[in-house]
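Colleague: Pulled these from TrEMBL:
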ACT_SITE  Asp54  active site, proton acceptor
ACT_SITE  His82  active site, proton donor
ACT_SITE  Lys185  active site
BINDING   Asp54, Gly81  Mg(2+) binding site
BINDING   Asp54, Glu55, Gly56, Lys57, Asn79, Ala80, Gly81, His82, Thr174, Arg188, Asn267, Thr282, Arg346  IMP binding site
BINDING   Val342, Thr343, Thr344, Gly345, Arg346, Arg347, Arg348  substrate binding site
COMPBIAS  1-16  compositional bias 'Polar residues'
COMPBIAS  21-35  compositional bias 'Basic and acidic residues'
REGION    1-42  region 'Disordered'
Amino acid sequence: MAADTTMSNGQETASLNGEPATKRPRDSEEVESLRNPRPPQNKVTVVLGAQWGDEGKGKVVDLLAMDADIVCRCQGGNNAGHTVVVDSVEYDFHLLPSGVLNKKATSFIGNGVVIHLPGLFEEAEKNLKKGLEGWEQRLKISDRAHIVFNFHQAVDGIQEQQRQQQAGKNLGTTKKGIGPAYSSKAARNGLRVCDLVSDFSIFEEKFRMLAGHFQTMYPKLNIDVDAELQQLKVFAEKLRPLVTDGVYFMHKALTGPSKKILVEGANAALLDIDFGTYPFVTSSNCTVGGVCTGLGVPPSHVGRVYGVVKAYTTRVGVGAFPTEQDNEIGELLQSRGREFGVTTGRRRRCGWLDLVLVRYAHMVNGFTAIALTKLDILDTLPEIKVGVAYSVDGKPLPSFPANMDVLTRVSVTYETLPGWCCSTEGVRNFEQLPPQAQDYIRFIEKFLQVPVKWVGVGKSRESMIKLF
């Protein structure tokens, strides 16, 4: 029923069903402060991959996490792999944020992440043996995060087999169940952490329905529903103390007392489900937009965005790769850079730095600055090439192509720069780098119009040279 609004004695009264209701005039100072809000108190700093992953994001995150209060993961699952070396101990992270090594920081797994619980606890156990203590006290998990089940992983493998049989090529997934779990999320029959830690009998009913759905779609799928439910019941108890309302947790962190909040991107720009080299991509948004949707962070609270760029280019699995060097140069980069996947152990394909691709990643992410990693791998090369333009059938391409059939046909225009032919591994400031290495960095900055803030010349924390 419509309200009848009248003015009485300078105040607004509304009569609904004939009963008057008086509103107090709002305090003018309060109104003024609402209309002119202060800038956000806390902003998140974001670290993102700018190529096809494996750029060394873990090391940059580790560097920034040392004085962070909160370190977050916002997307992906245990298909990601970050290696961090501390005091000669090598830690491998897939689901846990790398920041969990900082005993003073809270690690947070956001709603955009898909979580395989056996993988999470196994990873924690492995790193515990290496010296990662008290992680349970420092970890929070969003109640809205979706769960990857064992049958999602089995389906991932079946789907890859089918692609191979039908089209003669697969996507090169990690077979960790990430795609099928995100498919369940989009189909709205997925199950979340909040379901698991609530009434288990209701969870069980939904789980059996979901398992049945996949068995109908894939008759060869072998699921031991009862065994997995037993396992999940145990995990529910281990998980319960870690679970929190992620939206409220992030809101409190962003609007409360001053805090340094770091977001650790998984995968990379060219693997993004929307902006990557589709279909050879992952199933989530690994560009900056995934920070907002995967954590519940308003865009106004996104601060610095650091892009991590390897000094050359690598790619795991199949898909177009314009600057790939399937020759002795590629082999040298592969062996010197020890280019094997952290998650799958697969040999990475290697090639020259592709600045067309990195510029495209910058267009999507708006990098504040860049961390250039693994510069030392180029130490032995007498000359170094950098991809600066694409053309197809002799015609220049104005932008990075969406169509993969086009990308596989591009010719790359290279700029050839002199190498430095000496070791940079012991260098700890920019001025000590060989002039040719300095020129290489300056060339990248000038092309991208983005400053290089860090340069990596080795595996340890100390080998990240800070420029400003």
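Counting starts with 1 at the first residue shown.
In case you wondered, yes, glycine gets a Cβ from its N, Cα and C as well.
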Colleague: Around the C-beta of Lys185 (active site), how many further C-beta atoms are within 10 angstroms, looking at every protein chain?
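Modeller: If we count other Cβ atoms within 10 Å of Lys185 (active site), we arrive at 19.
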Colleague: At the Cα level, what's the spacing in Å between Asn267 (IMP binding site) and His82 (active site, proton donor), rounded?
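Modeller: Asn267 (IMP binding site) and His82 (active site, proton donor) have their Cα atoms 10 Å apart.
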Colleague: Can you tell me which of the recorded positions His82, Lys185, Gly345, Arg348 is spatially closest to Gly56 (IMP binding site)? Compare CA atoms only.
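Modeller: So, spelling it out, the nearest of the recorded positions is His82.
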Colleague: What recorded positions in the list Asp54, Thr174, Lys185, Thr344, Arg346 lie within 10 angstroms of Gly81 (Mg(2+) binding site), counting C-alpha atoms?
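Modeller: Within 10 Å Cα-Cα: Asp54, Thr344.
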Colleague: Please give the greatest C-alpha separation between any two of the IMP-binding residues Asp54, Glu55, Gly56, Lys57, Asn79, Ala80, Gly81, His82, Thr174, Arg188, Asn267, Thr282, Arg346, in angstrom, as a whole number.
Modeller: 34
Colleague: Thr174 (IMP binding site): which of the recorded positions Asp54, His82, Lys185, Thr344, Arg347, Arg348 have a C-alpha within 10 angstroms of it?
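Modeller: Thr344, listed in sequence order.
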Colleague: Based on Cα distances to Arg348 (substrate binding site), point out the closest of the recorded positions Asp54, Asn79, His82.
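Modeller: In terms of Cα distance, Arg348 (substrate binding site) lies closest to Asp54.
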